[in-house]
Amino acid sequence: MANTNVAYPVLGVYLILILGAGFIGAVMNFRRGTLGHHDQVREHFLAGKGLGTFVWFWTMMATLFSGYSVSGIVNEAYSSGWTATRWIPAGVGLYIAFAIMAPRLHALSKRRGYFTMSQVIYDRYLPPSGSHVLVAHALALLSFFCLQLPVFTYLITQFQSIGREVRTFTSNSITPTVAINVSAAVLLLCDLFGGMRAVAFTDVIQGIVLFFGSIIFLIIQRTELGGMGAAFDVWGHPYPKAPARYSTMQRVPTHVNIVSYFDFVFKTTVAATMFPHLTARLFAARSTQVIRRGMACMVFTFFVVQFSSMITGWVASAAIPKLAKSESAFGKLLQVVADRGTGQAFAAALLLASAICAMMSTADSALLAFSQMWVRDIYTKYLRPNAGQIEQLVFAKVMAIIGLVIGVTLGNYSVERGKPTLSGLFALQNVTPIHVTPAIWLGLHWRGLRGEAVLTGFICGLGVTIGLVFSDRNIMRANGSDMTTIGISSAWFGFVVNIGITIILGVLMQFFPRLFNLRPMPPPPSPDQVEELGEHEDGCEVYPEPSSLSAEKDADAAVVAKSGQVVPAAAAAPSSSTLSVLFAAAGRSPSVVYSRFVPRYLEIGINRDRTLNPYMWSLMFLVLLFTVPFYRTPWSWDGYVGYIGSWPFTSLLLSGILAILGAITFMFLWEDYKPVKEGVLPPASSLLTQMATKPSQTMMCEAGATAADTAVAAAMQNSPSKEP
């Protein structure tokens with residue numbers, strides 16, 4: 001039975017709903033970006049940095065749970081048994097690790113208007129943290145290219161999963177190529193017209209369907225296939241009563257697999273915090289309350305979505321003794337359920353739609369992050385600094401098309417070849433992002449860390465990783481994965497080298513800068529020289545209203561004078577009369593004012609965050625460590641707790657305790673970061689500087705320049721500006 005009679009209508013309705021949500025997002029983007037504050041680029045990439053708790057939670061959940069969570073985990077549980085439980089402690093650990101950087105990243109994004117991690121890295125390691133601006137450029141570019149890998153592996157993964165699951169469920173009546181191309185077309189429409197808001201709205205639908213679909217499938221497995229009890233009767237007995245292929249369900253893992261379990265859990269915890277489509281949500285949240293509540297709930301979702309996938313794989317291992325090479329365990333199990341009747345076929349089609357939700361929600365986020373990085377980190381930074389909003393959006397959409405074509409091509413190729421597998425792709429996508437982590441984790445909290453130390457560690461660690469990945473020591477190279485003979489990945493070896501060199505050189509350069517021909521860092525600002533974010537401060541890169549400028553200007557001038565800093569004349573805020581002209585011009589040509597970013601040294605101060613409570617983090621580290629069964633004798637016979645082996649039960653129990661500790665951290669230990677007080681330097685002042693020095697050339701660069709734009713240029717040229 002091909003199941004196409006139910007697959008076509010169910011998937012058709014799903015695609016219509018997704019396109020409808022994307023259309024609503026596009027309309028809201030137009031109303032807010034064109035008719036509201038005019039910052040269309042910010043609306044497209046970050047939904048105006050205004051996602052509320054409900055939408056943020058569902059988009060964060062749907063973005064994380066991808067083809068790995070549905071198709072990959074099911075296949076891994078089917079073939080490898082209990083070791084599939086590694087995904088839950090890794091996922092919980094990942095979201096807890098976000099607490100290391102989320103308070104500061106969100107606040108700095110609100111203050112500075114950051115869109116990408118490379119922007120943060122560039123500002124952080126500008127002089128005086130680096131001896132030369134080239135150090136900051138090198139770190140930003142290295143980070144940019146390292147963060148491109150997870151984008152493409154995520155795209156390949158989602159398309160591979162969609163192709164395999166649809167082909168298996170419909171018995172190849174819908175080919176992988178058709179499934180991949182149709183899903184790619186829907187993704188492209190949402191990305192081109194709706195941006196982040198369309199992605200977030202579609203994620204709400206997809207996240208809800210995925211969450212409740214996982215619960216429904218747990219019920220169907222029990223009623224139609226007997227659930228874990230029936231499966232236990234197959235693999236819960238010693239050989240020869242149970243076939244030898246079920247030995248992984250009866251024993252503790254081998255020594256290499258225990259080491260590999262540890263490597264996966266801790267590597268994912270560290271590396272995945274750098275994934276661009278996840279960090280973009282930290283920038284897009286309306287407030288810290290949104291992130292805190294969302295994260296406190298997120299740590300528990302793994303026990304619904306991913307645990308359901310694991311049970312699916314374990315039940316499938318008993319219900320389906322053998323799979324064809326091109327088939328997936330999840331799709332085949334759905335097919336078995338569908339063959340039992342019309343009602344079961346309809347339910348199976350709904351569950352297939354929920355699986356596709358997981359895949360599509362991650363693919364659209366990855367595609368948006370890809371174009372966002374190319375616009376902010378390459379195009380407007382190095383190629384076209386004066387690019388207007390329309391030009392930036394056009395370039396973003398061109399890059400989205402290019403990225404999607406590459407992803408679709410590689411996705412089709414991987415489906416046909418059958419490798420790399422989804423687990424292999426996940427291993428590969430951690431190879432390079434993990435090396436960005438020291439620059440962010442340490443750089444956001446260690447003021448004395450120098451750019452040269454970070455760059456040296458980065459290059460050395462990345463070199464070690466790449467060298468091992470392509471060497472014979474990577475025993476999984478032929479399968480497109482990453483693991484050495486002892487179970488540790490090349491990425492983990494390189495990361496240890498990276499962070500070790502960074503810390504050692506960082507300490508030496510901080511206390512003995514003359515040894516490296518470096519100037520000492522300037523004195524830190526006093527602890528009280530910080531300020532809370534304004535209620536409506538959102539990094540919009542636009543000036544305040546003229547009426548409120550004078551008081552703010554006087555207050556800022558007093559703080560800057562007290563700190564001894566010198567703000568260039570061109571950076572000083574313009575007069576109220578100038579702002580009036582500026583606002584008038586913005587109505588006709590918003591690209592004159594908005595969507596600008598001004599690189600400048602990021603002073604993080606010396607205050608310590610209460611969020612990083614050493615006692616709580618030590619406890620959480622130990623709990624996470626003991627989710628790995630290193631304390632058990634490798635390949636020894638294992639008992640059962642109910643229908644689950646005792647060691648995986650312990651791992652899941654400790655993961656639940658870890659989730660509770662993580663929720664406590666987000667809800668009760670979180671401390672909002674207060675940025676160091678800065679001088680009056682709105683991001684759009686880069687345009688003021690250009691206007692003041694060469695107004696005619698600047699205005700000619702802007703597409704759609706009008707007579708009002710020329711008036712702005714003249715006002716900038718005649719406006720007096722003094723150092724505070």
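Backbone N, Cα and C define each Cβ position, glycine as well.
The feature transmembrane segment is assigned by TrEMBL to 6-30, 51-74, 86-105, 134-156, 200-220, 345-371, 392-413, 425-446, 453-471, 491-512, 615-632, 652-670 (among others).
Only sequence-distant pairs (6 or more apart) were considered; of these, at least three Cβ pairs between the transmembrane segment (51-74) and the transmembrane segment (345-371) are under 8 A, so the stretches are in contact.
If one looks beyond the transmembrane segment (86-105) by at least 6 residues along the same chain, the residues whose Cβ comes under 8 Å of a Cβ in the stretch are 64, 68-69, 73, 114, 120, 261, 264-266, 268-270, 272-273, 279, 282-283, 288, 291, 295, 298-299, 302-303, 306-307, 310, 440-441, 444-445, 604, 609, 611-612, 620, 624, 627-628, 651-652, 654-655, 658-659, 661-662, 665-666, 670-673.
Of the two recorded stretches, the transmembrane segment (453-471) lies close to the transmembrane segment (134-156), with three or more CB pairs under 8 Å once pairs fewer than 6 apart in sequence are set aside. Taking every recorded stretch in 345-371, 392-413, 425-446, 652-670 and counting its Cβ pairs under 8 Å to the transmembrane segment (6-30), the highest total belongs to 345-371. Most Cβ pairs under 8 Å to the transmembrane segment (134-156), among the stretches 345-371, 425-446, 491-512, 615-632, belong to 425-446. Long-range neighbours of the transmembrane segment (615-632) within the same chain, counting only residues 6 or more positions beyond its ends whose Cβ lies under 8 Å from a Cβ of the stretch, are 89, 92-93, 96, 252-253, 258, 261-262, 265-266, 269, 638, 647, 650-651, 654-655, 657-658, 661-662, 664-665, 669.
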